[in-house]
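Visitor: What Swiss-Prot records for this protein is below:
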BINDING   THR48, CYS49, ASN50, ARG51, SER124, GLU129, ARG130, GLU131, GLN135  substrate binding site
ACT_SITE  CYS49  active site, nucleophile
REGION    81-100  region 'Disordered'
SITE      HIS114  site 'Important for activity'
BINDING   GLY204, THR205, GLY206, SER207, TYR208, ALA209  NADP(+) binding site
Amino acid sequence: MLLSVSASHRDADLADLERLSSGVGRVWADAPLVAHGLDGAGVVLLATCNRFEVYLDVADGTDPQRALAVVRDLVRTVPESPLAAPGADDDAAGPGPDPSAALRVRVGDDAARHLFGVASGLDSIVVGEREIAGQVRRAIAAARRAGTTTGALERLFAQAQRTSRAVEAGTGLAAAGRSVVGVALDLAARSAPPWPLARVVLIGTGSYAGASLAALRARGCTDVRVHSESGRAEEFARAREAEAVPPGELLTAIADADVVVSCRGSVRPVLDAAAVAGARAAAERRAEERAGHAVGTAVQPRPLVVVDLALHRDVDPAVGSVDGVELLDLGTIRAHAPAAATRDVERAREIVDDAVAQHALVRAAREMDPAITRLRGRVREVLDAEVGRLPVGPVSREDAERALHRLAATLAHAPTEAAREAARAGRGEEYVEALRLLFPD
């Protein structure tokens, strides 16, 4: 039985999603426990900047509320985010609200419909964005590597990817290049210099950093410097014809930048207010020097736009209070996400519904697999017995005919006895109808 336990930006605020996603490692570590506790065998985890979802393949008859309780127990003890919400009282005591309360469970076709819609970008902050398709693909790949996937989950996620491609091809949602990164850069462009003149620092080297760099290049930005605390900046930048920020030079690079895009997703912020304020002070001194003013003369550097695309905040919210700095985070992006055309969304949902119906047919057919296996096993047993009765060496036509007749008689014996029993029980018509299904005229 297919189940999904999930929360998204539609059900919870980003702070709760951040806390849920903090438990990704724990959910993976306890995946065998989840499967064992639910008498099932399959777990796939999908955690992105605006959702936390667990897909389960469990035994038929499993109570969905039990599955919900198991997942809630796994994530309930996730620690608070290392960042307080903007304006929070530092002296406030006690834990925040339980983030697992936002989780909800879906069963069967509802779970499939949800995943197909997610993979198609219909449940994203920016409706129709294509980044989620890659995240869905990586989720099933991660489960495969962890050994927690099953045939049913493989088929589900394969259909989700086919549905995503069908929505992309059959609607205009993807044609506009809609994405979280795209909306963020459009917002940044309101305050930044024209992209061909802008100096950008990119923090991170993961898939989101790659998407961000591609989006910057598409807008004509050529001056991009890449920073990574993991040491992968050189390799990442070289492969994409960008420049790496030397180790220890991040704040110097920020002092020269017009835009900072961070998508590292670290547990602790990469940038805090003090560091950014220091970089701004250095930028002001350089502006004074370029203007030929005496040191201490007020010369304001160009504004700095900081874009934080990480769910686990890379940038302390207090950075937004630094003079001359505009901070754009996922909350800002969600508030400014453009609406998709109603016609495209309706067509996309039709495609999703068709995919759900197709998946249900496939799933129903696969439910007969155990019966088919038993049938084939019985035929193999009878065949092996008859082959064992044949003489060693060449077999005459007469011996082959006798063996085949015995095989046919043996195979027909049980159905024949069942036919007589059905007639005695007054169920002869049911048997005849079943026979027509097996051997149509």
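Note that Cβ sites are derived from N, Cα and C of the backbone, with glycine treated the same way.
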Visitor: Compute all pairwise C-alpha distances among THR48, CYS49, ASN50, ARG51, SER124, GLU129, ARG130, GLU131, GLN135, the residues listed as binding substrate, and give the largest one in whole angstrom.
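Guide: That value is 15 Å for the farthest Cα pair.
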Visitor: Where CYS49 (active site, nucleophile) and TYR208 (NADP(+) binding site) are concerned, what is their Cα separation in Å, rounded?
Guide: 10
Visitor: Would you kindly give the Cα-Cα distance separating THR205 (NADP(+) binding site) and GLN135 (substrate binding site), rounded to the nearest Å?
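Guide: The separation of the Cα atoms works out to 16 Å.
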Visitor: Far apart in sequence but close in space: which same-chain residues, 6 or more away, have a Cβ under 8 Å from SER207 (NADP(+) binding site)?
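Guide: In sequence order, the residues whose Cβ lies under 8 Å from that of SER207 (NADP(+) binding site) (at least 6 apart) are GLY134, ARG138.
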Visitor: Name them in sequence order: residues not among GLY204, THR205, GLY206, SER207, TYR208, ALA209 whose Cβ is within 8 Å of the mean position of the Cβ atoms defining the NADP(+) site.
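Guide: Result: GLY210, ALA211, SER212, CYS263, ARG264.
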Visitor: Within the chain of THR205 (NADP(+) binding site), which residues six or more apart in sequence place their C-beta under 8 angstroms from its C-beta?
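Guide: THR205 (NADP(+) binding site) has long-range Cβ partners VAL226, SER228, SER230, ARG232, ALA233, GLU235, PHE236.
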Visitor: Find, among the binding-site residues listed as THR48, GLN135, the one whose Cβ has the highest number of other Cβ atoms within 10 Å in the structure shown.
Guide: THR48
